[in-house]
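Copied from TrEMBL, the annotated features are:
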type	residues	note
DOMAIN	66-423	domain 'Kinesin motor'
BINDING	GLY173, GLN174, THR175, GLY176, SER177, GLY178, LYS179, SER180	ATP binding site
COILED	434-526	coiled coil
DOMAIN	547-601	domain 'FHA'
Amino acid sequence: MTEEELKLACARLVDKYSDDLSESLQVETWHLKPIHASNFGKDMAPYQLLKTIKRKFVSTMPEAENVKVAVRVRPFNAREKQRDATNIISMEGSTTFLFNPVAPKEEPKKFAYDFSYWSNDGYIEQDNGYCTADPSHPNGSKFADQAKVYEDLGRGVLSNAWEGYNSTLFAYGQTGSGKSYSVIGYGPNKGIVPLFCEEMFQGIEEKKSSGDATEFEVRFSMLEIYSEVARDLLGNTGNKKKGLKVREHPKKGFYADGLKTYMVTGYKDIQSKIEEGTLNRSIASTNMNATSSRAHTIVGITLIQKAKNATGQETAKTSVVNLVDLAGSERVASTGATGDRLKEGAAINQSLSCLGNCIHALAEKSSGKNTRVPYRDSVLTRLLMNALGGNSKTVMVAAISPADINYEETLSTLRYADRAKQIKTLATINEDPTEKMIRELREENEKLKKALQSGEIGISDGKPGMSEDEIALYWIKREEEMKARLAENNRELMQMKQSYEEKMKQAQQQQKVDDNKAKIEEEKKKHPHLANLNFDPLLSGKITHIIKLGKNTIGKSDTDITLFGPSIHDMHAVITRDNDGVISIEGCSSDSRILLNGDPVTSEVVLSHCDRLMFGTTQLYVYNNPEQAKKSKETYPEVTYEMAQEEIANKAGINMDSDDHSLETALLNKDLLEVLPGIDEANSISEELDKRVKFEVMLISPQMIGKLSGRTEVLVKMRNLENELEFEWPKDVFLNRLYLMKEMYQNYESGEEWDLPEERDPFIEHINTEVRIGNVQVFLQPLAYMVEQKEQLEITDFKGTEVGIMNVEVVPCTETGKEYCENDDVFIDNPAELIGKNLHFIMKIHGCRGLPNKYRDIRCKYRVFLDEEDTVSEIVTSTINPDFNHQKTFSFKPVTQQLVDYLNNGAIMVQVWGKQKIRNSVIPKAEGKNTKQMFQADLLNHANNLANGFRMNGRTVDPNKQSIIVELLLMKKQQGRQQQRLENFKKLISVAEKQNQRSVPVYIIKDLMSASTPEAAEPILAQLSSDDEYGDYNRVRSSSACILL
């Protein structure tokens, strides 16, 4: 066997058995690729060869390492300080503790990581602005500054890069948690990336100065993944909507085809590229109506070291360092949009959910389970396959907020990081002889060319039983993949052949100084301008529009300032700057939506420094006038996206600046700030796409949506203006639908096919979707005293308006279901007497009366005590007076203190659900009108209602009414019992006086106390005249007698 034949046999064996090997050795298949035939004997039989491959592979296999995980808590921000936010984080060593603000007495949740960095307090700011530990502060000794974080995490990444290992640094956490501060930093407080780059280039210069002949090359790339589309943030990718194709290469794995890489010679080059990429992100977020908090960013820094080994052979050591800014963790919980039929429809959710699935599967795999890791299920996980479980040394920095308002998001981040630390990776040094790499690339290219020319692409890995059309499509796809691989190989070959001087020349051409950018930065310091505001602080202030002398037109096309988005007209507004320095703004038409500091602009108005401007429903800007700011003695606050949106909400009548600094109010405001801008945007999109749907915000108490406790919730009412059907959407369902609406609008703006079939249309809710008609609270306090309850209770909707009545009963019974009656005398004076005994009762729902006639298919749902699933009545159709005749027996053996507390203070919340029906009378009103006209008619109708007073279909019901009724019922029962006891004692005194008895046995007193009727008292009183009974009493008189004085 020749050496070439042995190599071929080895390659075939590895290819054939790699799956079995990787499964048995618990490693990824690509780890088998470096095995070369030269390591084995020439005369080996195939099975011996395979056996040797296994043995040599095991002996040379790199050692698995866990992902290194660090958690860092930031200081309170200005908003949190303003509302006196409570700190919910503490750290001891590498352990992080999380306290639940709702239950502060509970044991804190405990998480152990490689590093826990305390950066909340315990620091002082030096004269140069650098934050360092304050020795006088109690937490000064544990404060972690930027240098500490870099020393622990960044320096290790750099060391790995020098050695030729791939490295990945993940930054994870909710928006505003301090991710950017740790990774990039601000001012003198440089983060991991600038410190890493500075030290890397400094190391290159030192090596060159010492006479090292190694040739160093650093390349930079930056891409964003949004809604399953990978987009080059530095290059012109042509079709931005379709983005870059993610392809698989047999050697380097998944890659973004067409992603441009730029040669950089210092950190300034990298900083410039990061700023360029961030600007492009901001433009896309603003103009493409995208949501930056759902976008992942991957920055790639490639370090190539070319040198000659001892034999004179040139080798290339390549290290790829990926810096990954993952989408805000606050989105993870809501991406499923529980209960929504379109929860899987938005591609925007895919990367987030799939990343969680991969991390979970990798954690399972690390614990020894044979679990499939779904890398291929999303663009993000395909590109991060090496970083998550392959050839990379991986670090995760999880940034968290210390504020009580962010408890849920912080808990989500800590759990995510806790799972990530269980993942193991196997990193190998990426070093190969240059000649060998060139030869292998050429050989592969020859094979690809021959296959393409001959048409012998094959369908060996296709699915069996494929049709001719499927085979044809598969053939086209395979051909496209092979051509892409050929192009990628040619690109690599060209790079390898180029000299360092040629690459430097090309880099200089790519990185010509952007005079226009520098010019804008200078103009910003002198001239008035608009600067964008974004939900992500990192993207705010990146888009600048200089206001020139004269008229500055704003609109979609052929204008000085071009803006895109819902409710933006072709000619939307004009900003005028006169020779005296006065700048004013006015709309181009009566329906040009412009808000100035939250107020609508209805005529020309003069602008002042720091004014907030909203164009349409998504284009939010701050107006800056440097000259005016210098002349004014006024101190201007920093304008943020959050501040501007709060202002808009306040002007719309929702008080966001109350003195109530409670956690509940803070959470409510947080939800409102997330939903209110979305409602405006959804209504604008509905109007432009003529969807005949209107959205409104609803603030609902928990009782009004079937919950016994909790905080006020933000819901969205979706109202179909054509047929007047109404649906309530939870916040997460609305936000999930909003992303789909944005995708539709983006396609509409691009001139592509945008409308969707009914089952995928986010504006449509199916007529058979159940809706909540109303609720009934059945208080259980009578049951705690073993008193039956038969009531006719009001059914109230979320407004507290009566929409019908319900006949219910809650009746104590025996274990066999026999109901207790008055004569059974099971009434108790204290609910605590139930503890340790068995309790049985029957819940009856007889029916409802007077429900609105727009409902059909009505049923009831409820839960008792700790039930995890609803008890549901039968569905009753074709009537607004349904008779359910529902009853269910509940048994508790034995009664606990928790159950007694529930009976005493709780209630059964019975929810009435049904489906809506379209009334024929509403259809003619909508005929011939578009959505815009319907909006105007609805607004006019609302104004008439305000002028004439609201007319309710039903009366408003006090939610405490039923509780008061129950208390009166119990008071009546207890009063009757006390009156009976008083009568019993009057008779006792009378009988005793007649018999001249001055003492009465205690057991007679106790029996009389329990006698609930005159008939029950008579035989007890008769015992006083019984000589035998009394004689028995006299024998115990000294210890149990009541003396009548």
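Glycine is treated like the rest: Cβ placed from N, Cα and C.
Unlike curated entries, TrEMBL annotations are predicted automatically.
In sequence order, ASN77, SER401, PRO537 constitute the residues six or more apart from GLY176 (ATP binding site) in its chain with CB-CB distances below 8 Å.
Secondary structure of the domain 'FHA' (547-601), assigned with DSSP and counted as helix (H, G, I), strand (E, B) and coil, comes to 0 helix, 23 strand, 32 coil.
The Cβ of GLY178 (ATP binding site) lies under 8 Å from the Cβ of ARG72, VAL73, ARG74, SER119, ALA399, ILE400, SER401, each of these being in the same chain and 6 or more residues away along the sequence. Between the binding-site residues SER177, SER180, the minimum number of other C-beta atoms within 10 Å of a residue's C-beta occurs at SER180.
For GLY173 (ATP binding site), the count of additional Cβ atoms within 10 Å of its Cβ stands at 31 [all protein chains shown].
Cβ-based crowding with a 10 Å cutoff singles out GLN174 as the top-ranked of the binding-site residues GLN174, THR175. Same-chain residues at least 6 positions away in sequence with a Cβ under 8 Å from that of LYS179 (ATP binding site) are, in sequence order, ALA171, TYR172, GLY173, ASP325, VAL397, ALA399. Model confidence over the domain 'FHA' (547-601) stands at 93, taken as the mean pLDDT rounded to a whole number.
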